[in-house]
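K.L.:
Sequence annotations record features per position, and here TrEMBL assigns transmembrane segment to 7-28, 40-65, 77-98, 104-124, 131-148, 154-171, 192-210, 230-250, 257-278, 284-303. Per TrEMBL, domain 'Sugar phosphate transporter' is recorded for 11-300.
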């Protein structure tokens with residue numbers, strides 16, 4: 001087989017694995033938190049972070065997927081710890097929202113990340129974009145307003161947690177650019193995950209025991225009742241790491257524009273699959289609102305690329 005065909009097959013396989021990992025962990029989170037009786041989003045996030053810590057170490061130290069970078073100073077470690085706490089907040093908030101909201105609506109709200117990123121970038125770094133770029137964000141916000149009004153399963157607390165998680169995710173990306181901006185402190189995403197994950201576990205463990213005090217008893221009881229409980233939890237946690245790894249590899253082997261297009265399509269695919277699996281009702285207004293948001297995100301990405 002010619003090398004070009006091998007490379008194309010390799011990239012296609014990476015993208016398929018990236019899609020299946022991202023969508024798989026999202027759907028399994030929803031299934032565990034809403035349909036399975038496992039109502040512990042903080043503990044679930046801790047399981048994800050534990051898997052990321054172990055698998056990151058194995059992948060980097062033994063499999064050498066990327067060169068191991070080192071933390072060079074205490075200030076750099078404090079910066080990583082700050083990012084880890086913000087990252088925990090975004091993931092926990094997203095998981096809590098899945099207890100109350102359909103995956104389709106969760107993805108619609110999550111698509112507003114570029115809006116929050118632009119706001120935080122302006123407030124924290126005074127970075128301004130062309131007016132056309134900001135104008136493209138209007139349908140992003142308007143689309144979510146329409147989607148909220150047309151969502152039969154709308155839940156106010158779930159919506160607040162989802163929008164907070166989306167804002168925290170955007171805040172983390174801007175903060176990362178500020179804190180780890182110097183050449184000596186920059187870390188690639190896999191090494192950053194390696195250092196953030198153990199800190200996240202240390203933060204989430206006491207939080208889970210305090211805020212979800214019966215988590216161990218209920219988890220053990222569910223494990224006795226459902227023979228696939230532990231397998232689902234292990235698969236879910238492994239997928240959480242796989243989503244990060246494949247995102248890094250797809251970024252490495254494709255262009256920024258390709259990644260943006262694939263990312264937008266991934267959200268739409270997740271919405272369609274979730275509707276088929278969970279059978280949650282959708283309305284024309286909700287679909288129209290989500291479509292408007294996605295088109296706004298596409299227009300924002302294109303405007304940002306052209307008017308950089």
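For all residues, glycine too, the Cβ spot is worked out from N, Cα and C.
Small disclaimer: the values here were computed from a predicted structure and weren't measured.
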K.L.:
Give, as a single whole number between 0 and 100, the mean pLDDT over the domain 'Sugar phosphate transporter' (11-300).
P.N.:
92
K.L.:
Are there 3 or more C-beta pairs under 8 Å linking the transmembrane segment (40-65) with the transmembrane segment (192-210), counting only pairs at least 6 apart in sequence?
P.N.:
yes
K.L.:
With Cβ distances under 8 Å as the criterion, find the stretch in 154-171, 230-250, 284-303 that has the most pairs with the transmembrane segment (131-148).
P.N.:
284-303
K.L.:
Near the transmembrane segment (104-124), which same-chain residues lie under 8 Å Cβ to Cβ, leaving out any that are not at least 6 residues past its ends?
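P.N.:
Here the qualifying positions are 26, 94, 97-98, 133-134, 137, 140-141, 143-144, 147-148, 151, 153-154, 159, 162-163, 165-167, 169-171, 173-175, 178, 264, 267, 270-271, 274-275, 280, 282, 286, 289-290, 293-294, 297, 300-301.
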K.L.:
Does the transmembrane segment (40-65) come near the transmembrane segment (230-250), with 3+ Cβ pairs under 8 Å (pairs 6 or more apart)?
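P.N.:
Judged by the Cβ rule, the two regions touch, with the required three close pairs present.
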